Structure formats: C-alpha cells, structure tokens
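Colleague: Take a look at the following structure, please.
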Amino acid sequence: MPAVSLPPKENALFKRILRCYEHKQYRNGLKFCKQILSNPKFAEHGETLAMKGLTLNCLGKKEEAYELVRRGLRNDLKSHVCWHVYGLLQRSDKKYDEAIKCYRNALKWDKDNLQILRDLSLLQIQMRDLEGYRETRYQLLQLRPAQRASWIGYAIAYHLLEDYEMAAKILEEFRKTQQTSPDKVDYEYSELLLYQNQVLREAGLYREALEHLCTYEKQICDKLAVEETKGELLLQLCRLEDAADVYRGLQERNPGNWAYYKGLEKALKPANMLERLKIYEEAWTKYPRGLVPRRLPLNFLSGEKFKECLDRFLRMNFSKGCPPVFNTLRSLYRDKEKVAIVEELVVGYETSLKSCRLFNPNDDGKEEPPTTLLWVQYYLAQHYDKIGQPSIALEYINTAIESTPTLIELFLVKAKIYKHAGNIKEAARWMDEAQALDTADRFINSKCAKYVLKANLIKEAEEMCSKFTREGTSAVENLNEMQCMWFQTECAQAYKAMNKFGEALKKCHEIERHFIEITDDQFDFHTYCMRKITLRSYVDLLKLEDVLRQHPFYFKAARIAIEIYLKLHDNPLTDENKEHEADTANMSDKELKKLRNKQRRAQKKAQIEEEKKNAEKEKQQRNQKKKKDDDDEEIGGPKEELIPEKLAKVETPLEEAIKFLTPLKNLVKNKIETHLFAFEIYFRKEKFLLMLQSVKRAFAIDSGHPWLHECMIRLFHSVCESKDLPETVRTVLKQEMNRLFGATNPKNFNETFLKRNSDSLPHRLSAAKMVYYLDSSSQKRAIELATTLDGSLTNRNLQTCMEVLEALCDGSLGDCKEAAEAYRASCHKLFPYALAFMPPGYEEDMKITVNGDSSAETEELANEI
C-alpha cells in the first residue's frame, strides 16, 4: 500500500505522539494516536499505527503492540519510522539480531538518521559485531564530527578490533580539539589521557606511552595509576634504575602491596638468594611494622635461613594477635620441608609459652600475654587440619575454646575441622554456635547458612539468611532478586543430594538467568561510559562480559544441572513417587516404619506451616505485584515461571544439558571436566565423532585423568561393538583411535593403565570400574582393586574413599553389599569423624535450629517406643 502523508494538523499531532513517547507520557500519546486513526482517511496510517504499537508495548500489551506495528509496516514498507519502531520492539524482547535487521532496513530509507545509527551501534557493540560497529561509528563521525562521542566511539571500535595504532591516532586527533588548561583539574580529560596511554601500551609503543605519561602527568588525576604505569613502562624499556626509584616510591605509599616488591625485584635483578633477601631486609628497616616484607622472602628461602625468617614473622604475628596468619602462610604448605619447620617452631612455642610464657626458654625479655598462647593454639588447630590430622586439630581448638569461650574465630575453625573431616552436620552445629555469639555479623551469618546448606538443611538455612534479607518478602525470593549465587549453588547441591532434582534444576536455571541479566545490563553502559569518559573501565567491562560464563558460579551451576539431566536421561521420573521408590527399595521393615513415622510428622508440621505461610504469602504477593509488573515492563515481558516438577520431567534432558554445556565448551576449554561432561552427553546420544572430539580435547589437557580413562574405554568398547556405523565415520574413528590407543584392545589398554597407575587410588577405582564394565564375571577382581586401602597409595583421602564407597553402592562394580559394608567399616577406622563411613545404626540425634539451639527429636523416640 502506498504511504499516506499527513496534512499539517495530523502531522502536528504525530509530532506530539513522538514527544509523549520520549517523555514517557504513554496515555497522552495513545489519545493523540486515536485522534489521527479515528479519521477514516488515516485509519491505516503506517507510522501512527507503529507508534501506537510502540506505546502499548511500554504499557505491557505486547501482543497488541506487535500486531499494530506489523500492520503499520505492511501499510508503509518504505517508512524508516515503521522499521525503526519494529526494531525497538524486537530490542525490548532481547531479539538483538532481528532488531539489527530492522534498523538496517530503516537506514535504506533514511541512511543519515542519527537516532537509528546510534541505536544500531548500540546493538552492534552488544552483539560484538565489531566490523559493523566500526562502520556505523564512522558514519556517525562524518555526520557529527563536533560531538566527542563520535570520536571516542570510533576509537573504541578500532581498539576492540585490536588496531591499536589507528585507535591511538584517532584519540590524539580528538585530544587536540580539547581546550583544557594545564593547571585545571578535569576528571574526564584525565580519564581520556589514561585511556590513550592504555591504547599506546597495548600497541607495544612503550617509549611513546612513557613520553605521553610524563608530558600530561600534571593533568591526570589518578596519581597512583600514573606511578604504577610508569614503573611497568620503565621495566619494559629496561630503565631499571628509574624503575627501582618508582617502585620504592610506591612502597612508601603502600608498604603492604605485594606487587611493588615484585616490581622492585625485577628492577634490581638480584643475582642470588642473598641479594634477593637484602631487598626485603632494607624494607624491614624502613617499615619495621610491615608484615609483607617479612612474609614474601618465605616463598624463596629454605633451610636455616627460612627457619630464622619464619621465626621472626610468626613471633611478630602471635604477639600482635593476628588471626589470618595461617591463611597468609597457606601457600607454603605445598613444600613438605617447610611444613615440618613450621610445625617444629609452633609446637615449640606452645610448649614454651605454657611453661614460662616465652617463645623460647632462652629468650631474654618480657613475658608474653596469655592471648599469645591462644593464637598459637589457634594456628596449630588449623595446621593439623591442613595436614589431615583432625583429632590433634580438635584437641588444640578445644583447649583454646576452654580458655576463651567467647572468641568467634575459634568456633569457625572448629566447624572447618569437622567439615574437612567429613562430618558436615557437626560442622554446621559449631558454625551455628559461632553465629549465636554475634547475630549481627553478616559474614558469620552467611558462613553458617552455607554450612547448614551443606548439611542439606535447606529450611534452616533460609531462616538463617532471613535475618539479613528485606522484611515482607521470603528470604529465598529476596536472595534470588539480589543475585546471591553462592546461596543458590549450595541450595542446588543440597537439593541434588536429596534427589529433589526439580528444585535443584530450578536453582541452576535461576543462576543461568542471572548471567543473562548481567549480559543484558551492559546495554546501558554503552552510552553512559562514552558520555562520562570512563573508557578504561568500559573496555574492561566489555572484555569481562565476553568471558562472563567462565565464572566459578556458572561452572558449578552448569555442572550440577548437567549431572542431573544425565541422571534424568538414565532414570526418567515418570510419576511423583519414583524418587521415593528409589529411596525405599532397599530398606528393612524397621527402617521403613521409622521413615513412615517421620514422614507423617513432617506432613503434619508442613500443613501447620503452610497455613501460617499462606497469609504471609498473600501479603508478600500484594507488595511485590507492583514491583514485578514494573520489572516485567522494563525487561520486555514476564519470564516463564520455573516449576520444579516440570523441570524434572523434561522430555529431552540431553538437549537441556547441552544448553548448559555450550558456554563451557566456548569459555572453559581449559577444564577437563567440560570435555568429559560433553563426552557423557554425546555417549548417550551415540554421536561417535563428537565423543571422539571430546576425548581428544580432554586428552590434550590431562592424558592420565581417571575419568578420562573411563570415557576412553567406553568409546573404544562402543566402537568395537557397533555394527551399523557409516563407513566414512568408521574410517575416521579407526584412524584417530589408532593414534589414541595404538594396536590394542580395550581390556589390554585398561590393564596397561592399571600397571602405570597402580599406586594411585583414583586411578585404581577407574580401572576397576572398567574391569567390571568390560567383563562382569571379573567382579571379584574389580572390587579388590577398588577397595585396597594400602598406606602407600597416593590420594587415599576422604573424597576418593567416598567415591569408592559410592561405586560399591551404585552398581558401578555390580551388586556388592557385603563388600560395601566391609569397606565402610575399614574407612571408618581411617576417617572416624566422616558421616559417610558411620555404622548403619548411627543416627545424628541432634537437629540444628538457628542461634545454637539444639534439641533431641523426642517425638521420634516416642513413636519408636
């Protein structure tokens, strides 16, 4: 349909519609739209229909908005306004690629429209279409050469494309246009200079960067950044004496910064260990109270010199009462010789302080206060916990608690000892004791909630967190709103451990949504940062967003989700009782009766709580409805509700797992787990070439990894057993597998692996699993391989032994209940505190509430009687 042009009166109304939209006066805008469209001549005016649709979209009427905009577009396909509006609609729904197409169509009919070009550039940088972004910024520079955003945007485009020299030239041309007095302090100009210097450094133009820094030093506000950059540049240019002077100046500003000492070392280039130590001895004299110059030499010293320096360092810290001293020295624990020296010294302090209140009986000087002994015992508890001796660690921490029962740090360490020893319930109880000593401390509150979650006590953790969340809303909703991902990852892990897969997946998807929101949140900064000239931070933000899903929170959530989806594929939940059946199948009559009693009590308690919560929920929903509506309008519509039951009964669990896997394959390639999870998914999908690809990538990272060995055997065996593979696929597989396995068969390959790693328990477990996988008649040998607890084995730790017990129980080594019970008893002697190895009759009779209350489950006892 040909475009209809509006007469002056209606044209004036149309301009008022645009103004109303810009000022968010949507109701008024709709009135003016109605005035134009009510005239039969203009009832199908494309641009007015499009603007009406855009206005309705802002009021949350999405379907009607799309219908009107499309109708308007059909009536006027050559209108840049209609295409622009359609692009804005797509952008509001986060359909950025579609929005870019719309903007490009709009520019066909009005190629120099500034607003469309600006909107297009925002989407291009959001989607990292850097070539397109550069072209668009060039057009904007040509149209508005007087605007600084035009120059800066064009320079950033070249910077992101790694054409540093061109970016530096553009910035220099722009800088020349800035009229700034040398004596005037201008923050924005200062940031521009620092950004220009960053570009020069990234271009490798170190001499020019140093000259630039010296020329404009007075006009840069961030003096610390100037000095730090100057030090780096002088090192790059091998002007070592000047660099040393700069780093000495930086040390005076902050004697506690490790990087300045490293920089000074690089500048002075000590020839041997004594010269290196001399650098730090000079710093001791200059900064007698500084801990960093006393700590850093411990990294490279050894023998008597190490002992001498460590002695001085520890005495200073223990006398002052410095709680984090163990964390400061933790990195030294990789060296067994240094660990022995630490133990010798600190045990000696404890003995001497008990007898004569001195660090050494031969010392001359005043006696140490009683708190010094306390901090020595506090350190020793952490030391023995670190080296895997929880009984001795508990002796020291209990002695310390007896002497000072009000010090929170002692309870924190006691909780950690129990956690590392495998008794998370006892750990949670002691962390709760710590929290009860200071209920206003948010750190302790969060720590306690985390431990309670690790004990699978989700309700108690929510109660704990509710002390620091907004009133009037549930703690879980508020924590989700605040993107509190540590809580959600721990929740997901707890739900997974309890076989509540739907709830666990809900938490994983919530975390996934947080990362999507963080990615979308950068949109506002594309204009803000150019306006405020915070260019260094802006470029850092863009680089961070590109690798956002490398974050441990995302990796942990993705790992949990993938593991659950794999379980759901192997054992789909077809009805509500399936999980329950899996838990009760192997129970005795007595255990079953006990479980039923517990369930009845839980049901009764849940009903009472449900009634109490219903009234509270209604109030919360009323409070949140308006906020939720506002949020939905802002983010482009309500999100699909995450329903646990629906998530747990998904039809294509492997496809859902791939959604979590894809970002890991792109961004976390250096972690072997990424490729092994990929193998597990493709193995179930019978995608042989993708299985091979995953194995090869994992092999390149760690060819001796136990889990990788299992994957390789399963791949090898599957290829050998498969008869209906296409010839081309079989040819590729044969060629690549010859490189991986050589001329052998799966059984021989497994035996070779076992011989090569016979002294490693994790490797023995993997080999044992594959012995049974390849030949179920070899079960006895497989169990013997896995259950050996010889003291000479490496990695014979709590985690590995728990994995062996799990393999004995889950069928990986066949049906072997007697072997599992015997192994549990053996491990109980090795790890007496670990819950996983407690005797079958063992029950944790205490339940954790908030603020240290503990009570016996008397009702359960009554029912038993």
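Any Cβ shown, glycine's included, is placed from N, Cα and C.
Found this in Swiss-Prot, in case it helps:
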REPEAT    46-79  repeat 'TPR 1'
REPEAT    80-113  repeat 'TPR 2'
REPEAT    148-184  repeat 'TPR 3'
REPEAT    224-257  repeat 'TPR 4'
MOD_RES   Ser302  phosphoserine
REPEAT    374-407  repeat 'TPR 5'
REPEAT    409-441  repeat 'TPR 6'
REPEAT    485-518  repeat 'TPR 7'
MOD_RES   Ser537  phosphoserine
COMPBIAS  579-594  compositional bias 'Basic and acidic residues'
REGION    579-642  region 'Disordered'
MOD_RES   Ser588  phosphoserine
COMPBIAS  595-604  compositional bias 'Basic residues'
COMPBIAS  606-621  compositional bias 'Basic and acidic residues'
MOTIF     612-629  motif 'Bipartite nuclear localization signal'
REPEAT    672-705  repeat 'TPR 8'
REPEAT    799-834  repeat 'TPR 9'
MOD_RES   Ser854  phosphoserine
MOD_RES   Ser855  phosphoserine
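Give me the structural setting of these features: burial, nearby parts and distances.
Modeller: For the repeat 'TPR 1' (46-79), the mean pLDDT of the prediction comes to 91.
Counting residues 6+ beyond its ends, the repeat 'TPR 3' (148-184) has Cβ neighbours under 8 Å at 121, 130-131, 133-134, 137-138, 140-141, 192-193, 195-196, 199-200, 202-205, 218-219, 527, 530-531, 533, 535, 538-539, 542 in the same chain.
Below 8 angstroms of C-beta separation, residues 194, 197, 201, 206-207, 209-210, 213-214, 217, 263-264, 266-269, 283, 286-287, 290-293 of the same chain, each at least six residues beyond the ends of the repeat 'TPR 4' (224-257), sit close to that stretch.
Ser302 (phosphoserine) falls outside any helix or strand according to DSSP and counts as coil.
Assigned with DSSP, the residues of the repeat 'TPR 5' (374-407) fall into helix, strand and coil as follows: 27 helix, 0 strand, 7 coil.
The repeat 'TPR 7' (485-518): residue composition by secondary structure is 31 helix, 0 strand, 3 coil, according to DSSP.
Long-range neighbours of Ser537 (phosphoserine) (same chain, six or more residues apart, CB within less than 8 Å of its CB): Cys529.
For the repeat 'TPR 8' (672-705), same-chain residues at least 6 beyond its ends with a Cβ under 8 Å from one of its own Cβ atoms are 559, 562, 566, 569-570, 654, 657-658, 661, 664-665, 711-712, 714-715, 718-719, 722, 725, 729, 732-733, 736-737, 740, 756-757, 763.
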Colleague: Short question: which residues 6 or more past the ends of the repeat 'TPR 2' (80-113) have a Cβ under 8 Å from it?
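Modeller: Contacts of the repeat 'TPR 2' (80-113) (Cβ under 8 Å, skipping residues fewer than 6 from its ends): 46-47, 50-51, 53-54, 57, 62, 65-66, 69-70, 72-73, 119-120, 123-124, 126-127, 129, 132, 139, 143, 520, 636-637.
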Colleague: When you measure from the Cβ of Ser302 (phosphoserine), which residues in the chain that are at least 6 apart have a Cβ under 8 Å away?
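Modeller: Glu337, Lys338 - these are the non-local Cβ neighbours of Ser302 (phosphoserine), listed in sequence order.
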Colleague: In the three-state scheme derived from DSSP, which category covers Ser537 (phosphoserine)?
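Modeller: Once the DSSP labels are grouped into three classes, Ser537 (phosphoserine) ends up as helix.
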Colleague: What parts of the chain pack near the repeat 'TPR 5' (374-407), using Cβ distances under 8 Å and only residues at least 6 beyond its ends?
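Modeller: For the repeat 'TPR 5' (374-407), the nonlocal Cβ contacts are 317-318, 321-323, 325-326, 330, 333, 339, 342-343, 346-347, 349-350, 353, 413-414, 416-418, 420-421, 437, 797, 832-833.
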